[in-house]
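According to Swiss-Prot:
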type: BINDING; residues: G10, A11, G12, L13, A14, G15; note: FAD binding site
Amino acid sequence: MTTQVVNVIGAGLAGSEAAYQIAKRGVQVRLYEMRPVRQTPAHHTDKFAELVCSNSLRANTLTNAVGVIKEEMRLMDSVIIRAADECSVPAGGALAVDRHEFAAKVTEYVKNHPNVTVMNEEITEIPEGPTIIATGPLTSPDLSAQLKELTGEDYFYFYDAAAPIVEKDSIDMNKVYLKSRYDKGEAAYLNCPMTEEEFDRFYEALIAAETVPLKEFEKEIFFEGCMPVEVMASRGRQTLVFGPMKPVGLEDPKTGKTPYAVVQLRQDDAAGTLYNIVGFQTHLKWGPQKEVLQLIPGLENAEIVRYGVMHRNTFINSPNLLRPTYQYKQRDDLFFAGQMTGVEGYVESAASGLLAGINAARLVKGEEPVVLPPVTAMGSMANYITATNAKNFQPMNANFGLFAPLEKKIKKKAERNEAYATRALETIRNFVNI
């Protein structure tokens, strides 16, 4: 076993996964996590891999690229996906988790590994020696300054937003119904139907509600996948009806008709006592937020246990700075992982940590770092963040559009996606022992 130690900075999804992958390969890890010594504006605990936005890791089927990346990670012994599978809650065709159990499970698996030493302290300078920086969207100011100096480039700022969570007991169950869209999977969502009149009243209140002011020096650049509901509404009333309040496939069993609009609630904990409001990430002040949410049928007396909040997100210009191994181009033993690389989403962040961790371990053992082919979901993400146009670089979720093209064109989308998935999983099996 090598005597060299790899520093991993940040015990979020990417950092926890990276530390585990390094440790299981017989390499010592120093895992630095500043919480609880210093908290961030969005975290509430000292647990690893705390989910600060939704509790859903999105689609769990192979007809979706994020489902494929999960299956690749299962084959590669991902600690994040293992913990998620063990802490899952009902969510139709998605993989959602009890966020508290999930974070506790990841913490247990990583912290208890004999090759992992946890250091609860803030890192303000980039260490010498093999290092993975996985400090995420809320990198502390001191380390951010160091990274700016290192890269010679400014960061890009945007906001991720978290949706409110309500107590199930406070929901008027006479006004809502249990159903998944198009009846896919088990009936996993509580649906709050709206008439056009109810929607109009809600919409007018939403666009008039007061938001928390942004700081002058921060530019508003929202990632489309986690955009505040009031920002979507400001683009026009139909944006909501065709977005998070889309009613298609959600016929009301009481009337047999499709409502004008629907607000969906998704189970947030294993006990089924908490529900989050799907797609309702928001930056509204808490008073106006409560008033607006209580205009939703069934939520008139809702007890809000967590208000929607927003936090800054930060990412580097990876096409200029990184290789598809997640190595920094100017320093072979420095790696980046997680959302700061421009991969967007919980699963994608963990996947980047998995690959960065494997490559950091290989580096200190004198082995060549691995580049996963872009026919795989993980390889396509690494390829996207390092080979796309640097000038217009934006965060991206896993999607089949990033995969290398199929050899033969397939017209039907379902068959095409199945072909992408089959090829990806056949390929990734060649890498399970790296």
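Just so it is clear, glycine is given a Cβ too, placed from its N, Cα and C backbone atoms.
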Protein Cβ atoms within 10 Å of A14 (FAD binding site), excluding its own: 36
Chain-mates of G10, A11, G12, L13, A14, G15 with C-beta within 8 Å of site centroid, FAD: V8, S16, E17, A18, F48, A49, A134, T135, G136, A337, G338, S349, G353
Under 8 Å by Cβ from A11 (FAD binding site), counting only residues of that chain that are 6 or more apart: A19, L31, Y32, E33, R35, F48, A49, T107, V110, V118
Helix, strand or coil at A14 (FAD binding site) [DSSP, three-state]: helix
Number of Cβ atoms other than its own within 10 Å, given for G15 (FAD binding site): 31
Neighbour count (Cβ, 10 Å) for G12 (FAD binding site): 31
